[in-house]
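Trainee: So TrEMBL has the following annotated:
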type: MOD_RES; residues: K203; note: N6-(pyridoxal phosphate)lysine
Amino acid sequence: MTDTGHYGFATRAIHAGQDPDPTTGSVIVPIHATSTYAQDGVGGLRGGFEYSRTGNPTRTALEECLAALEGGRHARAFASGMGATDAALRALCRPGDHVVIPNDAYGGTFRLIDKVFGLWGVEHTPVALSDVDAVRAAIRPNTKVVWIETPTNPLLNIADIALLAQVAHSAGARLVVDNTFASPYLQSPLALGADVVLHSTTKYVGGHSDVIGGALVTSDDELDAAFGFLQNGAGAVPGPFDAWLTLRGIKTLELRMEKHSDNAELVAEALQRHPRVQSVIYPGLPEHPGHEVAAKQMRRFGGMVSFTVAGGEEAALRVCSRTRLFTLAESLGGVESLIEHPGKMTHASTAGSLLEVPADLIRISVGIESGDDLVADLVQALDSV
Ligand SMILES: *Cc1c(COP(=O)(O)O)cnc(C)c1O
């Protein structure tokens with residue numbers, strides 16, 4: 001790999017792992033659509049590749065790029081964010097171990113830990129990550145992982161990564177940071193002491209709502225070997241076209257995150273001014289309880305905004321169905337703006353649990369369209385309910 005460590009973020013995004021192809025000169029990393037590789041005599045591998053579950057050059061390019069973006073020594077790409085989550089938990093936990101998780105964790109992460117790992121004897125405790133004493137109190141002698149998201153989904157709570165790394169490490173546990181909402185451009189958890197960074201590359205990293213993927217980044221050689229073992233041994237790997245789409249998306253990550261942040265700031269301020277809006281949750285607003293920590297550890301505040309409306313669930317559902325530019329859909333992080341009702345959509349599986357979300361909450365993924373158009377669309381939807 002070309003050493004791109006001293007380059008700026010955008011340079012790494014465009015060049016890390018992506019040298020021109022040595023045999024053809026192809027400037028763009030080819031889609032290596034092959035399951036297997038010819039050997040020159042038994043064991044005589046030409047490029048280090050033997051079978052595409054184990055390794056594929058397009059995937060390797062993506063992995064080298066992701067490692068460079070997070071400032072980590074290693075990255076492993078998976079078929080989805082959940083595939084990466086599953087591999088991380090299996091590498092870090094055994095039956096009888098315990099995990100601390102956010103009390104507003106991504107719904108799928110909660111479901112996996114509760115419904116799948118629970119059956120195999122891994123226990124968990126949900127806590128409010130902004131309350132460091134509560135995190136300390138939740139840690140037990142068998143706690144192996146403190147699993148955090150920041151900003152969280154969908155309530156955009158902020159956790160202090162450097163502080164929680166100290167708390168986890170002093171208890172002999174590892175800190176895993178799901179960095180999906182911030183993206184590697186806005187936040188660098190490894191530099192703040194995290195052991196592992198997880199991405200659903202489906203979101204901002206890919207950025208175009210056209211591919212599902214996940215990744216684990218670490219500077220710990222042993223952990224990376226465990227992740228690599230599971231990548232090959234359990235097989236949740238992305239195909240070469242998925243790896244290529246993700247790599248293509250990454251090239252504009254810095255530009256996109258800047259524009260997402262510009263537009264989200266504009267939208268958050270406009271929502272605050274609308275009489276039907278009760279509260280606006282955006283870490284960039286000075287009154288957000290996590291604003292100071294976010295300002296310390298994030299470059300900017302990202303593209304996710306949540307808000308509540310007067311009139312409860314009924315009104316929230318109506319707003320979601322009346323926007324024209326904001327498409328009513330799950331997911332986030334693409335160039336196009338999306339709107340959703342977490343209680344009935346992404347977080348329906350948390351109903352009745354500690355992780356249940358407010359019924360009047362709306363979450364928007366602010367895209368990179370013209371900011372004024374996005375504001376006007378939300379205002380007309382709110383005016384009409
Ligand atoms: C989407 C998401 C995941 C899961 O990723 P998939 O690619 O959908 O499997 C995990 N964490 C967060 C914060 C997410 O938004």
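Quick reminder: no glycine exception, Cβ is built from N, Cα and C everywhere.
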Trainee: I want to verify one value. Collapsing DSSP to three states, which class is K203 (N6-(pyridoxal phosphate)lysine)?
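Mentor: Coil, per DSSP.
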Trainee: Non-local Cβ contacts of the residue listed as 'N6-(pyridoxal phosphate)lysine' (under 8 Å, 6 or more apart, same chain)?
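Mentor: Result: G81, T180, F181, S183, S331, L332, G333, G334.
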